[in-house]
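Each remark here refers to the structure printed beneath this line.
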Amino acid sequence: MGKLYVFDHPLIQHKITYIRDKNTGTKDFRELVDEVASLMAFEITRDLPLEDIEIETPVSKATTKVIAGKKLGLIPILRAGLGMVDGILKLIPAAKVGHVGLYRDPKTLQPVEYYVKLPTDVEERDFIVLDPMLATGGSAAEAINSLKKRGAKQIKLMCIVAAPEGVKVVQEEHPDVDIYVAALDEKLNDHGYVVPGLGDAGDRLFGTK
């Protein structure tokens, strides 16, 4: 079973308060999501391998460490996942960015893939799937399916707020995928929204309804 990591860092929790607040405007909401994604990236990349290299400082020669050639790919689920990309790219500018677009079939209520664009070297990369909200878990599970069908081997899921129901779905369908969240909320309501949640992340990021 994949592990669930819930970040309790004070800076993250402070910023999530304002992400949740319905009075936070689009500009501030967008900046806060960006900042939380950056903070979460520190933890989600903790297991990146390092190797020694020789450099010369202004004072002397030194042996120091760099990331050992690990190739990373960021996969935002359209459209809300886009809000998390830049915050991570600030720390990992060499990461490639793919996209997965899904819509919900009105009859079956199941997610349907309508767009996928990935780096060409899928099998060589570790991927981080990005979505601010993990609600029912259907979209995240289908996005992970899309990656696996195209050869991805190492996948993590990174969300800002998650419902227990969504976590359960992803863990059952993808027991090899670890989930990283900034907050684990109480439940889903009858409309499929996370409670207390943060509303519709896509609308709040892009100022739409």
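Positions of Cβ are set from backbone N, Cα and C atoms, glycine also.
Feature list (source: Swiss-Prot):
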BINDING   R79, R104, D131, P132, M133, L134, A135, T136, G137, G138, S139, D200  5-phospho-alpha-D-ribose 1-diphosphate binding site
BINDING   V194, G199, D200, A201  uracil binding site
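Where Swiss-Prot records a feature, it is marked here on the structure.
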residue : record                                              : CB count, 10 Å
R79     : 5-phospho-alpha-D-ribose 1-diphosphate binding site : 15
D131    : 5-phospho-alpha-D-ribose 1-diphosphate binding site : 28
M133    : 5-phospho-alpha-D-ribose 1-diphosphate binding site : 26
A135    : 5-phospho-alpha-D-ribose 1-diphosphate binding site : 24
G137    : 5-phospho-alpha-D-ribose 1-diphosphate binding site : 26
S139    : 5-phospho-alpha-D-ribose 1-diphosphate binding site : 26
V194    : uracil binding site                                 : 26
G199    : uracil binding site                                 : 17
D200    : uracil binding site                                 : 15
A201    : uracil binding site                                 : 25
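Candidate binding-site residues: G199, D200, A201. Nearest to D131 (5-phospho-alpha-D-ribose 1-diphosphate binding site) by Cα distance: A201. Each of A80, P132, M133, V161, Y193, G197, L198, G202, D203, R204 belongs to the same chain as V194, G199, D200, A201, is absent from that list, and has a C-beta within 8 angstroms of the C-beta centroid marking the uracil site.
DSSP assigns S139 (5-phospho-alpha-D-ribose 1-diphosphate binding site) to a helix in the three-state reduction.
Summarising the 5-phospho-alpha-D-ribose 1-diphosphate site geometry, the residues cited as binding it (R79, R104, D131, P132, M133, L134, A135, T136, G137, G138, S139, D200) extend over a maximum Cα to Cα distance of 17 Å.
Under the three-state DSSP scheme, A201 (uracil binding site) falls in the helix class. Following the DSSP three-state reduction, the secondary structure of M133 (5-phospho-alpha-D-ribose 1-diphosphate binding site) is strand. Annotated pair A201 (uracil binding site) and S139 (5-phospho-alpha-D-ribose 1-diphosphate binding site), C-alpha to C-alpha distance, rounded: 14 Å.
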